[in-house]
């Protein structure tokens, strides 16, 4: 191509006026720069020192328009530009963001040198044309031009920004070594940054150690590599090394070190570094001040973060964003909102990070209305297509339980990154929609995006339940296909998942093949053994860990203590372990102390739990919670509630777990008054929207028989978690609304919620108490085949009870012989109760023999069989049972009923005359007896289990504890109010008939709770439908 032709083409491509192009053709191409200097003064502004052009070329240009004018003039006059001047022209266009113009100039050069290539490549990178920069460098290598450190650093920057050129980056490292550029500290720093970006932090460290010269830039680059890869402790190590070697820190160094202190949650270290900052004079540096705000926020020191902010000499958008984020992460949504308004008032630029920080403050249902308002502002300001903002919206709606809104945001995103997909997986996991989570995971794999460990950790966590073992294995397979099987974090997650699913052989196999193991890995395996009550395996693993030189932390000890469950465990291994804990200094850890309280309680030594609790000088809410749970484990619910009351009196800080524990105790005692008080306290303290508190409150109302209160608190169907559905199903089952229980189950399925172990226990229990035999058997079969929920002993008890109540005792016996788990005392007790109900002596004898064999000291075995014999008129056998009880020193648990009046519990036994108002109680009882007789009631004396005459039997029945409690309630409460009575044994059939009749006669609702269910008596009817 001729020079003239090339000149005209260049003029057209650079959009230089065509008349200049024509004029150029008549000018001698060899005209020198010096000859044209006088002429350029008429084209180029006088401010431009054209005399310097000969030596500096286009580098003197400070304005792109001037540069273009000069370039046009030179083309017009056919000036011959040397390689040097052309290189400066390329540099000028790149400097002003016109890399494409620069490339046109580059392509039309007849001669190039290394500087030409270097300028063009670095210009591409500077203008963010990373792919073009890398491609041009490859062309340069083919042309065999000499490379320098500047261009290598530029290409490495492009590779880092692209994030998917690992092989090319490794080749660059090899090229650096081959060309001797490793001594160039800036090249070395670029390689450090490359390894950090590509998560090869060990390579970063190895290269840093091999660098012949290091400075503050390379040290800081290594710190950033450690920080971005989650190794903040190593950042501090590098900083200490820098200080010892006399390398002065700069603002970027302090930014990395302060961030590491926040990540380590090391407040003491943070203050030490702050002292260094002040000492070297960086306390007024804006970048350092911004990161100090974030650091104090991570320590929970909101006041200190705010103080740093207010003492700043100047602020930028990052300053405001940092403080808004501090308030958000410390659950102070009003503070985030307040400073956001201040920011807008001060006209600081609001960006995507501002809005993301603000939205993160509204991740709960009670604050969602504010979040929706900010969402509207997001749309108004045009940030609704920003990936970062959309990801935060996904998290906000997910944490608020708004799955439909989450799906709408995700579906409407024009562009999705890995965080978007991971957020959607986590959203479905948190709502128990495991199938939907796996669908999203598979969809992500199909996009071809590079997947990291975060994608799989949420899915594996969701599958950490025997119900979802098959899904867990699928995720494991997908993980292998994605090439992430050697990732240590995922290895730990797999060990945990298989452990929680009870597949310890697989957990051990994963553990053994892991190329690297850390303390978390050992803790995961120990935790799996503990979860599956394999104490000896857990202790053996603990010993191996110690022999391998790994030191236990508090999580190790907590996991080990969780494996203890029996007195023999405590005697053989628990006491020595406690001694080891004291010896290693871990006994001072708050969480370890709490676990010791729990361990002793689980092993039957509540006194030691109380001793540890009492000996603690400082007790936190967690400690009190542990002691409440210890009492709950022993069935000491009243003691647990006393501890909760004591916390209130001592003005101790309640958390969601304190309230949940208190509500659980209220549930077990069916103490609605206490439960309502705690519900009110939860609202007052702002915990009413917390998941555990909400579900515990709903469960409390359900166990107290207040189904309407459960329904008032229940979220909308599409927003319910599996736990919420289970609570509702259980409440309907207890209430006797068996059809409603069935409808709830099918509604649950319609909303794509996977039923679990608890779901089917409640459903089968409802079928059992409702006489729905065929339906119950069908549900049991679909449980194992369709829903893949393994049959447990609880499910089998329900089936035995279901068949036994309906009189199908032969089928019940056959089921026990074929059931997938060995029968325990609950199975035989359920069969014995059915035999007693239907008078089946022979099978009852078999059941009682097995029951006594499994639990020799259980009084219910003797009592139920005695009642069976009494019902059948076999009084001789009744006497034999009593003699056996005396010989085996088994005492019968006396029947009792109780009522709650304000803060008092009034208890009645059979024929009790100890109450101060006994005379009035028996007068009311006699009145009820006469009115019942007049209404046509005939006492069913078959429920009297003494060998006496009919009159005495009738007298005994009218002296049952629940009838005494009923009479007391009627004389102690206002007319028309509801009556609430509790009994420790199953209500007898005649008492049930009397309660129905009384509810109609006196026009009052009576709620009777026995160990099996609630009976709501209204206007002569019972919620159980006379089937219990």
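Heads up, the Cβ atoms here are built off N, Cα and C, so glycines get one too.
Marked as domain 'DYW' by TrEMBL: 936-1028. What TrEMBL records for 113-147, 316-346, 417-451, 518-552, 620-654, 721-755, 756-790 is repeat 'PPR'.
In the repeat 'PPR' (756-790), the DSSP tally of helix, strand and coil residues is 27 helix, 0 strand, 8 coil.
Away from its own ends, the repeat 'PPR' (620-654) comes close to residues 590-591, 593-595, 597-598, 600-602, 606, 609-610, 613, 661-662, 664-666, 668-669, 671, 674, 678, 681, 685, 687 of its chain (Cβ-Cβ under 8 Å, at least six residues beyond either end). For the repeat 'PPR' (721-755), same-chain residues at least 6 beyond its ends with a Cβ under 8 Å from one of its own Cβ atoms are 401, 430-436, 467-468, 691, 695, 698-699, 701-703, 705, 707, 710-711, 714-715, 762-763, 765-767, 769-770, 772, 775, 779, 783, 787, 789, 1013-1016, 1022-1025. Taking the repeat 'PPR' (113-147) as a whole, pLDDT averages 82 in the prediction.
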